[in-house]
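Undergrad: To start, I am sharing the structure in question, which I have written as structure tokens.
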């Protein structure tokens, strides 16, 4: 009898352990999922390396966004969030569509019927430079045609960061602080389209184009020259502001100056001392690069900073007010909800 009980128990234990094991198909799925987590990042970097080797650096806005979305999707898979790519599409495709639409409209904005301006910017810069335009002075002091110096390469890195820095910051916020991500996107889009409206109404020549038209001494686009001499001519395509749709008279205000200032204002309130130093240096470095490289007049940069400050403080105040009103409505609705629940319980009793 005892041996029979042992046999029954052993059989039951075996059947229980067998039932605890996942079916063969489920085990295969879990194994594939585990491999996918391991291979997410290697696959992404392998594809990026192949694309860069075949076509060069991804420079168009749509390509930058696609690779950025791919990185976020890889991060989601690697972390085990299998449907994270749905959130990537939900949050990033509208942003990509808006930026692509801006790039397209910006190109069409080059055909504005309004007169292209250069004299007011030239007059302001001569006043700010005590009789001489700062771009002319800086290139006379620092630039050697065909022989880039170390600071020319540094300026090139600063200039090129315009096409990636904001988007990378957005990606980090998307993963860590989604509420901050949505706010930065709102500020970025508002600033971008405000600048576009100004490009339509006030087309303005940059210094290099003003020089080509004979209103300034000969100037060189330093960043373009550095890229050409570095053996990366394809990277010069990034000069078209990340798009094949170019507008040479979209200079006032300078979005190259605006975006670093936007990041500085956005992170300044909660940043530590060391971070604030970096936040302050980035706009200054970009401003120097733009003036020295003949990409913008000083007044273009000042107007870019003013646009940024106006949009940041006004839109932030409006968004904060909306958040406060939503919080007040939630707080006001809680007592009514609890009272209704108590009344319902009393009626049922």
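Cβ from N, Cα, C; glycine included.
TrEMBL: automatically predicted annotations, no manual curation.
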Undergrad: Looking at 92-109, 110-127, which one is transmembrane segment according to TrEMBL?
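TA: Checked against TrEMBL: transmembrane segment maps to 92-109.
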Undergrad: Among 1-23, 24-46, indicate the range for which TrEMBL gives the feature region 'Disordered'.
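TA: It is 1-23 that TrEMBL describes as region 'Disordered'.
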Undergrad: With TrEMBL as the source, identify the stretch among 210-231, 298-319 annotated transmembrane segment.
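TA: Matching range for transmembrane segment: 298-319.
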Undergrad: Identify the transmembrane segment range according to TrEMBL, selecting from 129-148, 249-268.
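TA: Within the set 129-148, 249-268, TrEMBL attaches transmembrane segment to 249-268.
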Undergrad: Tell me, what is the mean pLDDT of the domain 'Inositolphosphotransferase Aur1/Ipt1' (133-312)?
TA: 90
